Amino acid sequence: MNQMWRTHLQSKVEQLKEQGQYRNLHVTEKAEETWLIRNEKRMLNLASNNYLGLAGDERLKEAAIACTRKYGTGATASRLVVGNYPLYEEVERSICDWKGTERALIVNSGYTANVGAISALACRHDMIFSDKLNHASIVDGIILSGAEHKRYRHNDLDHLEKMLQIASPEKRKLIVTDTVFSMDGDIAYLRGLVQLKEKYGAIIIVDEAHASGIYGIGGAGLSHVEKDIAQKIDIHMGTFSKALGCYGAYLTGDSIYIEYLQNMMRSLIFTTALPPGTLGAIRKAIEIVKEDNERRERLIENGAYFRTHLQEAGFDIGNSSTHIVPIVVGSNENTLRFSERLQEVGIAAIAIRPPTVPVGSSRVRFAVTSQHTIADLKWAIQHIIRIGKEEGFLV
């Protein structure tokens, strides 16, 4: 190996270790509905994004198997070559029915959706206004676009408006936000954002990755909690890999947006399409979430129970109001120790550190699901509080 490169890379790895930001891949040997096995230890899973417990649902498995038998294990090409199976158009129509939009486009992941769409829509002559805590895929899409990047303070619409006020009226403007923030569990003020986009002649993209399948009528997303808001969103992005228990993502909105992205989005054009079996599972998952209000209600109730008890115990959970509940610890070292101690007693909860979150705000991120029982959560809360006290995070 080239010695110059070896020295450089080894130095960077050692630096990560010293800063408490080194990451390892740990094998999950078996994952049940709410429990998993890691390092031969059975743990309550409070770390996954399987919010509605659908990843192991037999109906999705059977749908995937049926489509795999019919079409094969791989799409064999890009959608724009010969990889566009009939399932794509069928599922895209169901997304439009679900979201009340004109046209939809399925892509391979939430990351490629955001990077591809933002970098295709905007260029160096444009301005993009992005919440400071937006997902990395949004940030990377903005960087790739070359557009002027304006980051407004988290959920601070006054700050955003000041930026919009001084922006050149000659420039195209794009506002982009997560709807549920993945590391904080709080939500965007969509009505205010829509009002600002209309007032200043912008368009808006919302990332519903952690809200699709959960909020709004039929689980259509947080933007669908109030119908008039959904109709004013220009482009909705959502994923199938979280509440829907599958893989992949979608972009949907007015036809002209989707037509443009289909022709200009490099992360669609230059990649092999999703396997047919995945599309079969997606189709079934959408059917289920549109009808299964009980799972959504149970998830929301579980989130409220978990949040309330941790907050009452004295933990810093920020402004979480959803099923994602962080305990903000601060330093990397203390956060890693907290996570390790939780895993020792059988709770899978992972330390989240920079660059995923801002420096000084490292945390253990908990994610409850609809399938957790109150007994599960009560047991976990007792251990979390005990360890928190022993480690000095609680008085």
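Sequential numbering from 1, following the chain as shown.
The backbone N, Cα and C atoms fix where each Cβ goes, and this holds for glycine too.
Record features, source Swiss-Prot:
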- ARG23, HIS135, THR356: substrate binding site (BINDING)
- GLY110, TYR111, SER182, ASP207, GLU208, ALA209, HIS210, THR239, PHE240, SER241, LYS242: pyridoxal 5'-phosphate binding site (BINDING)
- LYS242: N6-(pyridoxal phosphate)lysine (MOD_RES)
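Positions of Swiss-Prot features highlighted on the structure.
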| residue | record | DSSP (3 states) |
| --- | --- | --- |
| ARG23 | substrate binding site | coil |
| GLY110 | pyridoxal 5'-phosphate binding site | helix |
| HIS135 | substrate binding site | coil |
| SER182 | pyridoxal 5'-phosphate binding site | coil |
| GLU208 | pyridoxal 5'-phosphate binding site | coil |
| PHE240 | pyridoxal 5'-phosphate binding site | coil |
| THR356 | substrate binding site | coil |
Problem set entry | Listed in sequence order, residues with CB under 8 A of GLU208 (pyridoxal 5'-phosphate binding site) and six or more positions away | THR179, VAL180, GLY221, LEU222, SER223, HIS236, MET237, GLY238, THR239
Seminar exercise, completed: Taking every pair from GLY110, TYR111, SER182, ASP207, GLU208, ALA209, HIS210, THR239, PHE240, SER241, LYS242 (the record's pyridoxal 5'-phosphate binders), the biggest C-alpha distance in Å rounds to 15
Exercise. Would you say which of the binding-site residues ARG23, HIS135, LYS242 has the most Cβ atoms within 10 Å of its own Cβ?
Worked result: LYS242
For this session: List the same-chain residues at least 6 positions away in sequence whose Cβ sits under 8 Å from the Cβ of HIS210 (pyridoxal 5'-phosphate binding site), in sequence order, or say none.
Result: ASN49, TYR51, ASP178, THR179, VAL180, PHE181, SER182, LYS242, ALA243, THR322, ILE324
For this session: Just report the maximum Cα pair distance in Å for the recorded substrate binders ARG23, HIS135, THR356, no decimals.
Result: 19
Exercise. So which of the binding-site residues is most packed in, judged by how many other Cβ atoms lie within 10 Å of its Cβ, out of SER182, THR356?
Worked result: SER182
Problem set entry | Cβ neighbours of GLY110 (pyridoxal 5'-phosphate binding site) where a neighbour is any other Cβ within 10 Å | 27
For this session: Would you mind listing, in sequence order, the residues at least six apart from PHE240 (pyridoxal 5'-phosphate binding site) in the same chain with a Cβ closer than 8 Å to its Cβ?
Result: SER212, CYS246, TYR247, GLY248, ALA249, TYR250, ILE282, ALA285
